[in-house]
Amino acid sequence: MEWGNSSLFADFVLLGLFSGSRFPWLLFSLILLVFVISIASNTTMILLIRADPRLHTPMYFLLIHLKLSIMDTIYICVTVPKMLQDLLAKEKTISFLGCALQIFFYLTLIGGEFFLLGLMAYDRYVAVCNPLRYPLLMNRRICLIMVLGSWAGGSLDGFMLTPVTMSFPYCGSREINHFFCEIPAVLKLSCVDTSLYETLMYACCVLMLLIPVSIISVSYTRILITVYRMNSAEGRHKAFATCSSHIMVVSIFYGAAFYTNVLPHSYHTPEKDKVVSAFYTILTPMLNPLIYSLRNKEVASALRKLLGRCAFSQRIRPADVSRKH
């Protein structure tokens, strides 16, 4: 069978999160609200970290330059704007190039998060187990290497898998049973056998999970041993407070990643896959800054300080106007 260029590079159709939803405006409003909260909370965290000198530490350097500012913001912008457009549009098409770009950015960002969360566990290990050597072991140069390493590891996944995925012939239905171009949903449209590629991709994803999970496991094992040996209840509480936010984010992110990348195909259905994908592509970028702000006294204190400044400036402005008159 032969395929012309017009067939190979034709547009795809995204069926959406809930195919044939009766209340698209309600779903649109909910997703738009989550999107706005995510962008606003990430932006607020960036402003807090940059404005408060107490937050100029390696952990917050990683948060502002990768996890919260760039990565989470791009992550949600890759899928949600197109999803919102499709909820109101009659034609829910996405171009061949647009689909490839979604796959590339998705793989790069999720791969980068895999590595970053592992490296942040090392940061927590140093903070709890070697606090006196923390400035030496987590200096700006090492933090920069972590940032670049996370991006490099994620982009490697994107550069390897995206061209191969888009090189398969898609000669049948162009309807992707998903709200964005996720590789398993796209491969179902291929008219050739992709089982070998899917096996290799599965092995690649498991390997990418094993590396950071190993770092996280070793780091927190050492942390637990150190905390167990502490005689001070206050020291144990401080160690728990230092790690609690990271543990919550790791549990949420890796729980979804484990379902998507590790569980056999027999456990997957299109409906489950879409719900899990919606959780870590839409909800997780909103939850991350909230977790780090609500579970962290330093961030909460910086937020109160910033709000206090804003309120003070609002009180001064009417007073200045009245003096002029």
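Going from the start of the chain as shown, residues are counted 1 onward.
Backbone N, Cα and C define each Cβ position, glycine as well.
All TrEMBL annotations are machine predictions without curation.
Sequence annotations record features per position, and here TrEMBL assigns transmembrane segment to 25-48 (among others).
For 41-292, the entry in TrEMBL reads domain 'G-protein coupled receptors family 1 profile'.
Residues or ranges marked as transmembrane segment in TrEMBL: 60-81 (among others).
The annotation transmembrane segment is assigned in TrEMBL to 93-122 (among others).
Under the heading transmembrane segment, TrEMBL lists 142-161 (among others).
Taken from TrEMBL, the feature transmembrane segment covers 199-218 (among others).
Look at TrEMBL and you will find 239-257 (among others) tagged as transmembrane segment.
A Cβ distance under 8 Å defines the sequence-distant neighbours of the transmembrane segment (277-294), meaning residues of its chain 6+ beyond its ends; these are 17, 31, 34-35, 37-38, 41-42, 44-45, 48, 63, 67-68, 72-73, 75-76, 78-80, 106, 178-180, 182, 245, 248-249, 252-253, 256-257, 260, 300, 303. Marked as transmembrane segment by TrEMBL: 277-294 (among others).
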Contact yes or no, the transmembrane segment (199-218) and the transmembrane segment (25-48), 3+ Cβ pairs under 8 Å, gap 6+: no
Cβ contacts under 8 Å made by the transmembrane segment (142-161) with residues that lie 6+ beyond its boundaries: 58, 61-62, 65-66, 103-116, 119, 183, 201, 204, 208
Any contact, the transmembrane segment (93-122) to the transmembrane segment (25-48), with at least 3 Cβ pairs under 8 A: no
Whole-number mean of pLDDT values that fall within the domain 'G-protein coupled receptors family 1 profile' (41-292): 84
